[in-house]
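Encoded as structure tokens, the structure appears first; notes follow it.
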């Protein structure tokens, strides 16, 4: 199957047409979901959008559908937030304040957090963990903390990222559950900055605007253990990349992560804006690692893109991408 994948890459025009058919086919599944309703600015997206971008270590890029449509990272930013914090403070320091265990609960749930004796967030991929991690970034002010992340993104993408102000303000004004999480974390001693400062950083990261090409590139770097094969630079250490991919596999698709791992088997992270970032490691010398970026704003009850997950499942089976 790996040879088949390479053969497909050698016939890029044919593959592009096949992927266009797949995108158009799975686009119809968007009707089975809806755009995120609890963030007003996200309700306005066209729920029939579906875009795909695939980038390989050898430089081959394949795109299809609405791949150029901009969207905000939302929870995909938790990956970058975690990496930046590990670079700033070290893995040990970060993991002293946030765990690596799946929860099986909704991403914004407080239930298990309150039941846990220590109050330590379960993992960096849920809101409580991500808000905690945002408070760990180096710098005193939100602006200084955000610079750690913006600098990392610039190294990965080769350009300066920016946040969508309308989305940021939309989230800030409706942040009641996240505020309660942050105050609880402050009370238990895990939040290292003031509540409003941590939330400002967190919501700004969620509002960073990207397209499928951008998250595919970040996925490629993760797939190559922090190394960018296109710029030939080690962006972050292998240890950080491996830990991040483990978290993506076990916690990256909200409380559908187990099903996703069993049936698709790729380290991935989703966001309620409809984005999915996947990192496909190489499995031998003759194989090429790849990053996959998908955007489909109609999401299911778990917060994952309906059409995006179905499309990624098809690609995983067609190209034998599962790491298992």
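Cβ coordinates are placed from backbone N, Cα and C, and glycine is handled just like the others.
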Say Swiss-Prot lists 75, 171, 178, 202, 254, 272 as binding substrate: which of 32, 123, 127 is in the same site, per that record?
127
Through the lens of DSSP with three states only, how would you label residue 272 (substrate binding site)?
coil
Substrate site span - longest C-alpha distance across 75, 127, 171, 178, 202, 254, 272, in Å:
19
Specify the secondary structure state of residue 202 (substrate binding site) as given by DSSP, simplified to three classes.
helix
